[in-house]
Amino acid sequence: MTAILHQNSTIQLHPKMPHSIPGANSAENDEVPIVAEEMETDEMQTDAEVNKPNESNVTPAEEMTAEDAIAEQLKDTKVAEAKPEVKLEDLFADDDSDDEFASSNIKDTKVSSSPPEAPSSPVNIGTLSRATDTDVMRAFYQRLFPWRSLFQWLNHSPTPSTDFGHREFAFTLQNDAYLRYQAFPTADLLRKDVLRLMPSRFEIGPVYNTNPRDRKTLRKASSFKPLAKELCFDIDLTDYDDIRTCCDKANICIKCWQFITMAIKVIDIALRDDFGFKHILWVYSGRRGAHAWVCDKKARQMNDQKRRAVAGYLEVIKGGAQGGKRVDVKRPLHPHVARSLDILKSHFQSDILEDQDPWETDVKFARLLDLLPDRSLNEALRKKWSSAPGRASSAKWADIDALAKSGASKNLDSKALLEAKQDVLLEYTYPRLDIEVSKHLNHLLKSPFVVHPGTGRVCVPINPKRLGDFDPLDVPTVTELLDEINEWTAPEGEDGGKVVQDWEKTRLKPYMEHFRSFVAVLMRDEAGVKVKRERDDSDAMQF
Amino acid sequence: MSRPDIKRRTTLDHRKKQFSTPTYAPVEYKHRLNFYATPPTADITLEQFEQWGIDRLRVLAELEACSFRNKSPIETASHMKPLLDKYLPLSSSTSNSPALQAERQKDHYSHFILRLAFASTEDLRRRFARAETMLFRIRFQGDDSKERAGFVEGLSLEWEAVGEEERRQYAEELRAAGGGYPKRIEEESYFKVDWEKVPELVEGRRVFLRGGMAYVPSREQMSMVVAEFTGRLERALELTSRALPRLDEDDRLSPILTHLSQNFTTPDANYSATQTSLAGADISARTIDTLSSSFPLCMQNLHRSLRRDAHLKHYGRLQYTLFLKGIGLNLEECLIFWRGGFNKITDDAFNKDYRYNVRHAYGEVGGDSNRRGKGYSPFSCHKILTEHPPGPGEAHGCPYRHFSTENLMGLLQTVGVRDQEALRGVREDKEKTKFHLACNRVFEYAHKQEIQKVREEGTWGAAQLETLIHPNEYFKRSYLLRNLGKHQKKEEGEGDVKMEE
Ligand SMILES: [Zn+2]
């Protein structure tokens, strides 16, 4: 008979799916011991796996084991070609990051110019040779790095789960080899592998549906999929180079750091008030920028489309260097833009007009005039400014309204002028996001608390409540911290009843405390979410 | 977009006769619109199975072509009308058409047939969901408002009405988010939904957000319904794909399904080097400067940026490398070209940071083994226009789209387009967001004499002069026109990248 689709209705176009993701919370992970003493067996197992010859039919050039990588380190040849398989776009996307001047390009950094009148400005790179020194790094990883907190942060509970176990880590070794798809069941195994391989830094990627180390054993490559990752933001001062006058390239000072301060304020409040996110970790990128990790469960589970939506919502500065006008906002201003403008107003006066003095010279104020709408007014302004060389930007900014009021233009559209001034303000203050980082679930981002190989500074969390107190130049370098441990003496009157952790002896302390309390609150909320979900599930079973 | 091939598979013929008397299960379709939540249960013939699939495929393929040509929603709707009337008509409930139920059944079944055909790969699923969404949107817009309201009500979506007091409280924010609409807040009613349900409205800052909830005016209802449609379809396709292996065992259906999916080819999927190679042309690192006068503006811009800055950012390198690969520059020469281009860095830095990228693009290293040997396809205009718009300091993308009009005019003049009429045309094209037209206009201007010559001599057919939709085609055509007579045309069968008219 004709029962084609009928027969095939047994094909089940909508097979019933289990509520949970396959593999999540599976029993295998409960068997992983949490106690450190029992780790040895696991560790040996890991080593054995690494030593196994490659079973899959991939060429060695594509797939590099950890052991190969060590061999590479010794030979130090053709490192870039030994990268493990990477998506083409990832490759192209990552090399212009904050770290591009790291390690191999250190010489460039040293010769890059910095303003002589601000001796405290340039990032201190004197400790560089020591910062990348293996002994220094080993001591740092052994004594200071917050392995347990990092684990809890990514695992969302004290008991090891796939949230941590299926998470991708990527190591940048000291010869710049890049090892992707590393994964560890516990904090201790991660720590051991880091101490063994001594990466100069490592990055954190998404949680996958299977252990990233097992991806080759899947029948189809496409069944290896990222499931979750924090929503991330990357703000970098290089994107401000056309408006930042105090420093250039890799250099920063407290003046231009204000761009980052403004950005954090604007983004943080939008993520909290508008999107309802609660767990936002801000981290200093180690040189000239900051990263945000939005850790709410809802944020972690977002697909690329939703990530793009958040990124688009927050993006106000658009277009490349050739794109002409870069601020593109509708009127009336969307509540987010209006609020941002309010926040940025006070910064504009002090941090931009006074500190950056962006329109000091003829060439520079031409850029401002380009952004203003009224031709006659512009002519009047140009005349006034040309005849007063060096007139301060704040005075020039005030001149606009003063000349407008004095009737420099007969048919002045004051609304258009006001809007243009708002656009100028936004162009000089609104956050410039590296939006690609935010759009993709599978983007890797440098881990908090690693050491920036170029500056030696630790990528410490920034407390958004005390944003004004944060000074990137005051962030401790790894060598300073190790010195602080050595110089530490127990306070008088205490006879050492309580064990003092190494980090407590150093300037890392406030940053660690901030991180620990951040993680504690995250875990508490997550536990709440879990209980609630389980209850919902059991309700669902009752019908 | 290649035309679906209606050639029958003879092996099926004898079977088809066995299934010649269809019986219909009594399903009543209350609404013209369909979320396709329930799979079909009634029997249809094998012939219907194939024909209905093909008919829907024609519609979807044409929809994809519309978006590919950057047609506006209104243009797309009017372009699609005759096709829809012919292949997938759907009468309104009030029409009392006798064909009403049959039309709706065909719509319903053909959707599920193509679901089976296109569930197999992620790429096909994504494109299918996209084209189906376009189709749904057109129909939703064209639906009678009363019937539409009835349909939406039946969906029982989780929308919470915003109370009067709350609406008053946020009146200013709601109006600002609506771009000043409505004049008086009482003129509009609002729903509150989880913002994740309306990502497009969020992305464009077209709604007020508070505490994770989006306040959506009822006039944006379509956007929400469409998002819901897409979301459900994507999830369903995912499930279908997992059920597919079992379907493979049915040897009556799988040839039809394979056939259908093969006919949903994307215009830019397979632009292989062999299609573009020019016999006898000297394409090497040292000739690129000269050849670049035959490049489309996007590639000329990348080339000029590279020469000016001795550097290109990542997407620029990617776009340009694949283009160069497409014009027939081999890997070795391409490496020489980039090494020479990045002349401010050391050999070590080049080998470390860039060499691998280029080799990867050529399929020499990395990637999955299927791609090995081929690497990635050169980007089509569509991809360049729609993906990864350039950010600060980046030179990739399409100048017609991503440059300001002023900068575009400047660039055109530096590459030698100085004719006022041509420039004015480009300016108008850009304002109407007809970026393809602008690019083709510049091509025609730059090759005016040659085109006239081949037209007059009748040596080139219409197919060889149709609208350019790929940067590599642009180069190839330009090169051939400028070297008329030097190279024998070998591309009589050209048309792999052809679109339906
Ligand atoms: Zn500075």
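Even glycines carry a Cβ here, placed using N, Cα and C.
The [4Fe-4S] cluster binding site annotation in TrEMBL covers B:CYS298, B:CYS381, B:CYS398, B:CYS439. Residues or ranges marked as domain 'DNA primase large subunit C-terminal' by TrEMBL: B:293-475.
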Binding-site residues near chain A, Cβ-Cβ under 8 Å, from B:CYS298, B:CYS381, B:CYS398, B:CYS439: none
Same chain only, sequence gap of 6 or more: which residues have a CB within under 8 Å of the CB of B:CYS381 ([4Fe-4S] cluster binding site)? B:CYS398, B:PHE435, B:HIS436, B:CYS439, B:LEU468, B:ILE469, B:HIS470, B:PRO471
Extra residues within 8 Å (Cβ to Cβ centroid of B:CYS298, B:CYS381, B:CYS398, B:CYS439), [4Fe-4S] cluster: B:PRO296, B:LEU297, B:ILE384, B:LEU385, B:PRO399, B:TYR400, B:ARG401, B:PHE435, B:HIS436, B:PRO471
In sequence order, what residues of the same chain, 6+ apart, have a Cβ less than 8 Å from the Cβ of B:CYS298 ([4Fe-4S] cluster binding site)? B:GLN319, B:ILE384, B:HIS396, B:GLY397, B:CYS398, B:PRO399, B:PRO471
Including all protein chains displayed, how many Cβ atoms other than that of B:CYS439 ([4Fe-4S] cluster binding site) lie within 10 Å of its Cβ? 25
What DSSP gives for B:CYS381 ([4Fe-4S] cluster binding site), in three states, is helix
CB neighbours of B:CYS398 ([4Fe-4S] cluster binding site) within 10 A? 25
PLDDT averaged over every residue in the domain 'DNA primase large subunit C-terminal' (B:293-475): 87
Under a three-state DSSP reduction, the secondary structure at B:CYS439 ([4Fe-4S] cluster binding site) is helix
